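Trainee: One structure follows; several queries about it will come next.
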Amino acid sequence: MSDVENKERFKNIAVIVAGGKGLRMQSTVKKQFIDLEGIPVIVRTLAAFDRYCRVDEIILVVPEQDLNFTRNDLLHRVSFSTPLHIIKGGVTRQDSVGNGLDQALKICTQPETTFVLIHDGVRPFVGDNLLDRCLDGALQEGACIPVLGIADTVKRADKNGKIICTLDRDGLFRAQTPQVFRLDLMIKAASHARKTGFLGTDEASVCEHAKIPVAMVEGGLFNIKLTSPQDLIFAGLIIRAKKEAELTGHSGFY
């Protein structure tokens, strides 16, 4: 399906969740607001979706106490061409995503032809190729997430830190975001989770709980989630490598 057909028939809304406290980052600044080579992490993430031609609107979900800072300080002088809605989050990530879904319902006319791209605010290196794979997969299947295979040997341990067994890596994957869903399906899954008291670790697990099939596509090696000081070092290397690639004409770096 071409981008033109997609624009005419479907509405695509990015829901970016930026509610983390960043305790592992060992910083007084929340990880989504940390300066990364001169630009805050969340601004880089927003810019990635703003550049992507198949996203029609962006919803940014932040903690209520960060609303004024985000609107009046952080993004006051930043200009995006894609309509941006900044809303408050909830107690848990699942609650925050739920608020984002409610906002998506307000700005779309047909949930059955609307897709939501739910993304971690601290994954600033999501690229167009990965977004295409995820969105195309969801257009085909209704729900799709990016994953990476596991190269290392995986051990299961007991609560005392003693190895119990070695897991077979076949069929095991690391999930990333953006996780893309047809809006009506994600609303159905979220409603089922609330009714049953289920708390998932990502949106795909919420769909799994509601027996909604979720497809997989290849994730991105550079699509890292910034959760530790070491991740910031890698992020700086990625930014510098991307700049060098652009200068030498190597497009599609990630």
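Each Cβ is built from the backbone N, Cα and C atoms, and glycine gets one as well.
No curator has checked TrEMBL annotations; they are predicted automatically.
So TrEMBL says this about it:
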SITE      Arg24  site 'Transition state stabilizer'
SITE      Lys31  site 'Transition state stabilizer'
SITE      Arg169  site 'Positions MEP for the nucleophilic attack'
SITE      Lys225  site 'Positions MEP for the nucleophilic attack'
Trainee: Helix, strand or coil by DSSP: which one applies to Arg169 (site 'Positions MEP for the nucleophilic attack')?
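Mentor: Assignment for Arg169 (site 'Positions MEP for the nucleophilic attack') reads coil.
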Trainee: In whole Å, how far does the CA atom of Lys31 (site 'Transition state stabilizer') lie from that of Lys225 (site 'Positions MEP for the nucleophilic attack')?
Mentor: 10
Trainee: If you measure Lys225 (site 'Positions MEP for the nucleophilic attack') to Arg169 (site 'Positions MEP for the nucleophilic attack') at Cα, how many Å is it?
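Mentor: Just about 22 Å between their Cα atoms.
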Trainee: Please determine which of the recorded sites listed here (Lys31, Arg169, Lys225) has the lowest count of neighbouring CB atoms within 10 Å.
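Mentor: Looking at the recorded sites Lys31, Arg169, Lys225, the Cβ with the fewest others within 10 Å is that of Arg169.
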